[in-house]
Amino acid sequence: MIGLEELYILVGMMFAVFALGHVFHRRDPARWRSAGFWGCYAAIFLAGSHLSDLAVGGLVLGMAMLAALCLKPGAPPPTTSADEREASANRLRNRLFIPALAIPAITLGVSLAMKDGMVAGFPLIDPKQVTLAGLAGGALVGLALAMWLIRPPAGAPAAEGRRLADAVGWAIVLPQMLAALGGVFAVAGVGEVVARIATDHMPMAIPLFAVIVYTVGMALFTIVMGNAFAAFPVMTAGIGLPIIVGQFGGDPVIMSAVGMLSGFCGTLLTPMAANYNIVPAAILELPDRNGVIKVQVPTALLLLAFNTALMALTVYPK
Amino acid sequence: MLVLSGIAVVILGFALRFNPLLVVITAGLVTALAAGLDPVAAIAAIGKAFRDNRFIAIPWLVLPVIGLIERGGIRERARTLITRIRGATTGRVLIAYFTVRQITAALGLISLGGHVQMVRPLIAPMAEATAERDAPIDPDTRHHIRAHAAAADNVAVFFGEDVFIAIGSILLIRGVLEQHGIFVQPLQLAVWAIPTAIAAFLIHNARLLLLDRRLRARVGAEA
């Protein structure tokens, strides 16, 4: 049965190939640093389930050290020239979109058609991981289609994948690192402490103020934690339910639905939400790692104001 | 109170522009130490949390495909196609993408899109090409347009997906309310995501029209 472990092996093999690519790239003076970084990451996927927590922690520490030594030396050398790509684009035309569209099509197809992971009565995929398995399947089929269409040298998928991985650099690992930090925060009880400070110091004797503290608090808490999902349980248990619902008789449905969306406004504003803000800046090769956040600020603030007004006007019984 | 020192490390580290991986792992270590763990246990705690979150990296499996189709010239093809459409502008390209992305997300199809699969190979090159048709663009403008392409994807998904009843955030809300003895239907929650979805659509797309106006003013100033 295909479950997370099989997918981890696949991811691990990919990063191991990237690491080997660096080892054999003799002209690059920083090749051991890059090879070490992707090699550690590959090891965590390939062997992580069999290593002790401490060993994985050591590998993670090693990766952070290597990244701090500036893993990202600037734009990686291009593998093809602009003229070659232009000629290829003119030859292949719209067929080029086929592999790109195959990825979401297959992800969707698998997650809709094999909800229970069964194929012809045979349990093929772990039912809990159908979407991720579909995505991996889509990536593999897309790769086969791209090879068939473009007919590059056999080493091209490794070289092109590594080119992209190096362009994104340490940002590839940041979302997972932040999720791990969230886990440590949860063990240490950081959320409860923040909520206690918020509830102890905020004036909440007026219904309108309670709404403002809740929506703005959701956004601020999300900015700190990087994730509205981390903020929601704490803010709702600390402010939303006891005060807006309990004290003033507000509607819990409106409060929580709009409260969560207020948290999403915070997600648009924080480097802690690396997947949405820092990773795309790296993927699009922006010089300013906060470039995406800066563009999102006006939308986020206007929507937070909208959410606050919406909740203030609708949550309390008339 | 001491457990908050990790947050201070994060804020300071990001503000001083240290490498984010180093900042985050330091914050993790500081938090674990503040919570009373010894250094070895702190490193192990980070290792365990990092391993438990490996599933986050599975989408990177698309890297080789995207790299290959870039080699095949998909970005060049996207530029050629869009510049053939008369009336296509940076803002309109992004508004079209925003609309499709928000509607599909509202139907639960959040895997149709994303920064690696769609924005880098297709949307950003299209948005840049339409601006370049009028006049050459300087690097700052190019980066600004790219940032807008990424932002359109984010805003559209965030304020589209909650309209779908089976999305993670709806399930989380339901779970939290249930813990406190309040039972709600996902549909009730999804309905209350609609006003903000509409507001997000209007606010963000109005900003994209303003972006077009600024890009046009730039051409006018140079002509």
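Count begins at 1; order follows the chain as displayed.
In case you wondered, yes, glycine gets a Cβ from its N, Cα and C as well.
Heads up, TrEMBL stuff is auto-annotated, nobody curated it.
The transmembrane segment feature in TrEMBL is assigned to A:6-25, A:54-75, A:96-114, A:130-150, A:170-190, A:202-221, A:228-248, A:254-274, A:295-316.
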Taking pairs 6 or more apart in sequence, does the count of Cβ pairs under 8 Å between the transmembrane segment (A:202-221) and the transmembrane segment (A:254-274) hit 3 or more? yes
If you count Cβ pairs under 8 Å, which stretch among A:96-114, A:130-150, A:170-190, A:228-248, A:295-316 touches the transmembrane segment (A:6-25) the most? A:130-150
Excluding the flanking five residues on each side, which residues at least 6 beyond the ends of the transmembrane segment (A:96-114) place their CB within less than 8 Å of a CB in that stretch? 89, 124-125, 130-131, 133-135, 137-139, 141-143, 145-146, 149
For the transmembrane segment (A:295-316), the candidate among A:130-150, A:170-190, A:228-248, A:254-274 having the most Cβ pairs under 8 Å is A:254-274
What residues in the same chain, six or more past the boundaries of the transmembrane segment (A:170-190), come closer than 8 Å to it by Cβ-Cβ distance? 37, 41, 60, 63-64, 67, 71-72, 225-227, 230, 272, 274-275, 278-279, 281-283, 289
